[in-house]
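Engineer: The following block contains the structure, expressed as structure tokens.
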Amino acid sequence: MALQVELIPTGEIIRVVHPHRPCKLALGSDGVRVTMESALTARDRVGVQDFVLLENFTSEAAFIENLRRRFRENLIYTYIGPVLVSVNPYRDLQIYSRQHMERYRGVSFYEVPPHLFAVADTAYRALRTERRDQAVMISGESGAGKTEATKRLLQFYAETCPAPERGGAVRDRLLQSNPVLEAFGNAKTLRNDNSSRFGKYMDVQFDFKGAPVGGHILSYLLEKSRVVHQNHGERNFHIFYQLLEGGEEETLRRLGLERNPQSYLYLVKGQCAKVSSINDKNDWKVVRKALTVIDFTEDEVEDLLSIVASVLHLGNIHFAADEESNAQVTTENQLKYLTRLLGVEGSTLREALTHRKIIAKGEELLSPLNLEQAAYARDALAKAVYSRTFTWLVAKINRSLASKDAESPSWRSTTVLGLLDIYGFEVFQNNSFEQFCINYCNEKLQQLFIELTLKSEQEEYEAEGIAWEPVQYFNNKIICDLVEEKFKGIVSILDEECLRPGEATDLTFLEKLEDTVKHHPHFLTHKLADQRTRKSLGRGEFRLLHYAGEVTYNVTGFLDKNNDLLFRNLKETMCSSENPIMSQCFDRSELSDKKRPETVATQFKMSLLQLVEILKSKEPAYVRCIKPNDAKQPGRFDEVLIRHQVKYLGLMENLRVRRAGFAYRRKYEAFLQRYKSLCPETWPIWAGRPQDGVAVLVRHLGYKPEEYKMGRTKIFIRFPKTLFATEDALEVRRQSLATKIQATWRGFHWRQKFLRVKQSAICIQSWWRGTLGRRKAAKRKWAAQTIRRLIRGFILRHAPRCPENAFFLDHVRTSFLLNLRRQLPRNILDTSWPTPPPALREASELLRELCRKNMVWKYCRSISPEWKQQLQQKAVASEIFKGKKDNYPQSVPRLFISTRLGADEISPKVLQALGSEPIQYAVPVVKYDRKGYKPRSRQLLLTPNAVVIVEDAKVKQRIEYANLTGISVSSLSDSLFVLHVQREDNKQKGDVVLQSDHVIETLTKTALSADRVNNININQGSITFAGGPGRDGIIDFTTGSELLVTKAKNGHLAVVAPRLNSR
Ligand SMILES: Nc1ncnc2c1ncn2[C@@H]1O[C@H](COP(=O)(O)OP(=O)(O)O)[C@@H](O)[C@H]1O
Ligand SMILES: [Mg+2]
């Protein structure tokens, strides 16, 4: 099949162009390779896909321009070596489909366009093949796409990794833990509609087959102040709105809740309960379903929701001051619900909300709270309840994610892939304790990043045997130390101030800070600043010069937030809670513990140190997220904002480190594979070691010694321009190669096709020949058998019928019968008939008779009445004359005519004389006188009764048939005849001698009319006739040369008849 590709404007995605089907993304590594190469060559338009290939790598402008070019083409991912830089597109680019996952599976990192999945796959493969733990660190500011990236990574692993043998549900749990955590830990902020308000590190455990078998989540510093207060345009955590919007009527009734969020003071501070991008109702359904997936029982869900509801009710608790300015709860209803939902005593709760228990010298004292203190206590309780529930939730999820199979051998050999989605650097108008913690966290991670990047870079050089050239970079350890150093660090000072007896305030803390770290180059306060900078600093503020930039913190609330105190009696009340979740969150041991709990900052510091340890033990991968604008708009590239992020993410620093030595490095195999066509010695196949091949290749390409170095397994190229020149040469070369490959391929293709056709033709031919041959052989065999049978039959033809001769006999019979059909006599006169075989003699005779009769019958049917009459007369003539009279044969072919004289030739008088008597026949005759034998011309007429002799118009003689005794005629060829008349009557003139030219016809007709057929005498020699009364005449007949009728001397009439050949 021909691979048709189309490069879409991004230069990175190819499509198979099909005339009938809609375009489809091409899959497979071939497709991917094509795209990657096109991206390299389209660098003018889409920039470089790896920042190390930037010619001017120290220029921030060039860096940002490259980002912009790519962003414009919707290419949101770019590498800095192994680090992935991602720009939030704020739109669905359709680049996380299953097809994309497949595209990035098992392909080499640099051979495909940059993508999150490439990072995911590389980490996963290292985990599987080298069995080393991995950590993907995703950083960036709020709304830059960290959480989104984490989700995509999880999805990638869930969908592409093999399923574990047991407990396949782990994949679902891993995925479903997310919506639950997001519901409780995410909120809409000004920067991000789904901002994570806690840090998250998630471990995914894989067994030795690479199947996900479990997971573990660490959460960091939930922003619990949000529970009681939100800035304008922000919301509380999603779960509150989801419950109110999506919860069933029954549930809400049970929890004593109204659907309207405006009814709850904790939800109205930001004045934005509704957000267009969020569908709380749907999200609620998702969360409800997810809860069941992660092993929540119905009771646990109920308990959890009770807590959520109780926070809302807490928010609506109001106080009023009594006469002594002591706070009193005024909202009994809320108190009632709280009592029920939290499972605590109403009175205890009421007391706890309005009093403070102090233990002094072993004595418990209850001191009432004023209005402000009561509100503070209430909010503190709400925050504590919510944050501890969140911690419980994480622990619960962890129990669900924990491999159920911890004892199995596969568990023992698990490897771990960590995903770190932690809050990015934050700078606000007003920065408080939370920002301080968050920025400190980023500072730590940056340090780790630099350390690990440099380390890996150095390691690679060492491994490759290339001299390490030290890189100058900014080490932010100094800032980390400023924050975390024991005794002298900001955290220590804060803790000290919190624990110190006496009137410690936020401002005394600031003073202490100024005292202790005043000389630190990264620390500044109003007092320490010079004249100019002082203006930008308030008195209650301090400024830290973070690696990412300056941040000014307002100390207000630092102590309080660090202490995170919950009045003892509130704690006690909660410890007595009958809500199982609450009783787990508030442990009684906490009450008896004399030691002060760790401050928030210290806890955070410890957990960060622990996190750094965790991350250090793993092989890192980095995703650096950038937010293109603050308006959450697609397609907008806010340069100022981006420059700021590029700076504080330390991307330039990162690039500098990466580029300090070489811009490009590639394994010899990969390099040779890609560029071998540029050198005749390496093309098409290099037989030796790849390293030697590359050496030959670069020499051929004219690389100068300072442009590259050969490592143990890789070639290092110092400048991008060297690579690009090679790349351009490849592009040119490829054109000609493509033509050549095309031609070769076509030749090959068509030859293959031809060979196939030829093969087929031969096959058909031989088959057909075989068939023909077999048919012929069968025919011959049959013929031989037939002949043999016939011969044998022939030999035995006279023997009685037996199997040997049966065939022959049958054959003879059938062939006789079949032949007979063709040899039947043609007409009645044809007497031929084929000779039948002996067995058919009788049948043949019967058939012959049948045939004859049939012909006769047919003939008879076909003759007309006239012809019948003619034949009858001819038959009579034959009877009379055949073989007896010489001129008879001459008459045979001549037809008898009905009459020889027409009516007009007969005188009317004669007709008149005949009266009604019809004339049947008339013929001119010659009459010989009886005496002198004179010939006289007469007419002879036949009527039904008589022969009438007519002379012109007169009837000369009428001979009644009754008187006609006979007729005499000679046997010779003459035409004379004598009519013998009875002579009893004297009136009769005697016999009449006549001559007719049609003697046979005339006599036949006369004989028939007169019924004298048997009375015709044919005489030899002479005829005697009665000449008249008592006188006879004689006619002598002789043969001569010609007819002569004369009166002989003897008085006889001598007739010489011509001799005819027929006689
Ligand atoms: N790769 C991406 N593709 C499309 N939209 C994204 C992507 N990354 C982030 N977003 C959008 O930006 C919003 C904020 O991203 P999020 O991951 O929550 O940011 P962070 O966790 O860094 O604060 C998301 O809700 C989503 O709408
Ligand atoms: Mg997030």
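Each position is counted from 1, following the chain as shown.
Quick reminder: no glycine exception, Cβ is built from N, Cα and C everywhere.
Any TrEMBL annotation is an automated prediction that lacks curation.
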Engineer: Quick one: sort out which of 355-377, 608-630, 907-929 is the region 'Actin-binding' according to TrEMBL.
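Structural biologist: Spelled out, TrEMBL records region 'Actin-binding' over residues 608-630, not the other listed ranges.
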Engineer: Give the number of CB atoms, excluding that of GLY145 (ATP binding site) itself, located within 10 Å of its CB.
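Structural biologist: There are 24 such Cβ atoms around GLY145 (ATP binding site).
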Engineer: Near SER142 (ATP binding site), which residues of its chain come within a Cβ-Cβ distance under 8 Å, counting only those 6 or more away in sequence?
Structural biologist: THR189, ARG191, ASN192, SER195, TYR423, GLY424, GLU426, LYS627
Engineer: Running a distance check here. Ligand 1 versus the binding-site residues GLU141, SER142, GLY145, THR147: which have CB less than 6 Å from one of its atoms?
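Structural biologist: Only SER142, GLY145, THR147 qualify.
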Engineer: Where does GLY145 (ATP binding site) sit in the DSSP three-state scheme?
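Structural biologist: In three-state terms, GLY145 (ATP binding site) counts as coil.
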Engineer: Taking only same-chain residues 6+ apart in sequence, whose CB is under 8 Å from that of ALA144 (ATP binding site), what do you get?
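Structural biologist: Listed in sequence order, they are SER86, ASN88, GLY424, CYS625, ILE626, LYS627, GLN645.
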Engineer: Compute the mean position of the Cβ atoms of GLY140, GLU141, SER142, GLY143, ALA144, GLY145, LYS146, THR147, which form the recorded ATP site, and then list in sequence order the other residues of that chain whose Cβ is within 8 Å of it.
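Structural biologist: Counting only non-site residues, the set is ASN88, GLU148, ASN192, GLY424, CYS625, LYS627.
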Engineer: To see if you understand the setup: which same-chain residues, six or more apart in sequence, place their Cβ under 8 Å from that of THR147 (ATP binding site)?
Structural biologist: GLU182, ASN186, ASN194, SER196, ASP421
Engineer: I'd like the number of other C-beta atoms within 10 A of the C-beta of LYS146 (ATP binding site), please.
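Structural biologist: Around LYS146 (ATP binding site), other Cβ atoms within 10 Å: 28.
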Engineer: Let's see if you can do this one: DSSP helix, strand and coil counts over the region 'Actin-binding' (608-630), in that order.
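Structural biologist: With helix first, then strand, then coil, the region 'Actin-binding' (608-630) has 9 helix, 8 strand, 6 coil.
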Engineer: Between GLY140, GLY143, which of the binding-site residues has its C-beta surrounded by the fewest other C-beta atoms within 10 Å?
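Structural biologist: Among the binding-site residues GLY140, GLY143, the lowest count of other Cβ atoms within 10 Å belongs to GLY143.
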Engineer: Express the predicted model's confidence over the domain 'TH1' (885-1059) as a mean pLDDT, rounded to an integer.
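Structural biologist: A mean pLDDT of 87 is what the model gives the domain 'TH1' (885-1059).
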Engineer: Suppose we screen the binding-site residues GLU141, SER142, ALA144, LYS146 by Cβ distance to ligand 2 with a cut-off under 6 Å; which survive, in sequence order?
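Structural biologist: List returned for ligand 2: LYS146.
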